[in-house]
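Report on one structure; see the data block that follows.
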Amino acid sequence: MAAALRFDNIGKVFPGVRALDGISFDVQAGQVHGLMGENGAGKSTLLKILGGEYQPDSGSVLVDGRAMRFPSAAASIAAGVAVIHQELQYVPDLTVAENLLLGRLPSALGWVRKRDAQRFVRERLAAMGVDLDAQAKLRRLSIAQRQMVEICKALLRNARVIALDEPTSSLSHRETEVLFKLVDDLRRDGRALIYISHRMDEIYRLCDACTIFRDGRQVASHASLANVPRETLVRQMVGREISDIYHYAPRALGDVRLSARALEGDALRAGASFDVRAGEIVGFFGLVGAGRSELMRVIYGAQRRTGGALTLDGEPLDIRSTRDAIRRGIVLCPEDRKEEGIVAHASVAENINISCRRHGLRAGLFLDRKREAETADRFIKLLKIKTPNRRQKIRFLSGGNQQKAILARWLAEPDLKVVILDEPTRGIDVGAKHEIYGVIYELAKRGCAIVMVSSELPEVLGVSDRIVVMSEGRIAGELARGEANEEAVLNLALPQGATAHAA
């Protein structure tokens, strides 16, 4: 019997880059096939070929033994293929029900029957075990909830081949377990699934087989992961040994740089109080909905502050906008880097130099293009940003390389005092994480106060000097590095009702 999906010698070339070179592997019906590799290795490019966004320059895609060409996303969908990318595709001002049934809403005489649509979607969501309000607009949902809408959309299409690109990157533990159950159900139902993830636990938990990409090539394939050590997968992914991904080293800390007292905002239930010293890395952990990102956006001036006080180096700090924050040396690398972190239509060099244009990189009234080019080239080399050249549009880079460019922007900033990192390694491979941690330590050595929000508990424990735990919109506790472990952090992160019930 023919494989449900086969890639046969797939090749793809972009200007100056061979993105894919001779990719060949099968995915059987009733199988979950993992794809692993560093950012920029070619995994997402392959899925874009499968989804009809790109056309291969060589090779072919076979579905149930038949060679297929997908000139558009619609052609891919019509062939029974669903691809869920990291960059979510939705209409923000439509409801959950309308997004899920987009293009096939039930109608009568040209009028959409919204009541029927909402009832149908509620029934399907309940059957999947997904807790979403069918009438809620996508704009009002969290990133995690929007991710679940995308996954549900593929399931409602009854696709035979489903590809998931980092599907749990924004999901809570409970939502991740719901997804895992859905994947297990789909496998039992005979669907063929491709699963891209940088999280080893997920690959070993879900995948029957695994293929490793590096620099656009297929470097290894494993028909089973039962006897494959994790160290082998890491070595195959990055081409080198990484003994300690965090490479933490203590630093000399300065005086208190940023201080928050009884800070309140629309999504913060109780006043938040904490300090961060110069050169210190303070990790913020909490479950989805704990209020971490909201607190950071209040500090940065992106959300309204309703109470409390901030000081910077002992002086009162009145921030009314993000521009105020940047002027005072406070910057934020946002969770949603594609929407809020990068200027997608601009080049890598322009994205790196955005902050520097306020000072230094001018020759009279004109931008000093030569110095901008030198600055961009220096950080591209320093941070190992994978790009054909500085003029490449940043939207064509992988997520990890986009994140490095955002960090380069602030490394180039001479007056930096506080760096807020919201999920800095979300959707990024182990090799790129290793390099980004190095950038974070470098900023701390410069005397910056670092605030790092992360949903990855090993990352928080591995990188932070101190850990602040949030739960239900308030700070639930604080742990020094020496006393922090997974159990202690999770006990603080669980809602009080859940903790009491467990007891």
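Using the three backbone atoms N, Cα and C, a Cβ is placed for every residue, glycine included.
Taken from Swiss-Prot as is:
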type	residues	note
BINDING	Gly37, Glu38, Asn39, Gly40, Ala41, Gly42, Lys43, Ser44	ATP binding site
DOMAIN	5-240	domain 'ABC transporter 1'
DOMAIN	253-497	domain 'ABC transporter 2'
(message) Averaging the per-residue pLDDT over the domain 'ABC transporter 2' (253-497), what integer do you get?
(response) 86
(message) Below 8 Å Cβ to Cβ and six or more residues apart, same chain only. Which residues does that give for Ser44 (ATP binding site)?
(response) His85, Gln86, Asp165, Ile196, Ser398
(message) Give me the sequence-ordered set of same-chain residues, not including Gly37, Glu38, Asn39, Gly40, Ala41, Gly42, Lys43, Ser44, with a C-beta within 8 angstroms of the centroid of the ATP site's C-beta atoms.
(response) Thr45, Phe213, Ser398, Asp429
(message) Taking DSSP as the reference, which of helix, strand or coil describes Ser44 (ATP binding site)?
(response) helix
(message) Can you give me the same-chain residues 6 or more apart in sequence from Gly37 (ATP binding site) with a CB-CB distance under 8 Å?
(response) Lys43, Ile212, Phe213, Arg214, Met237, Asp429
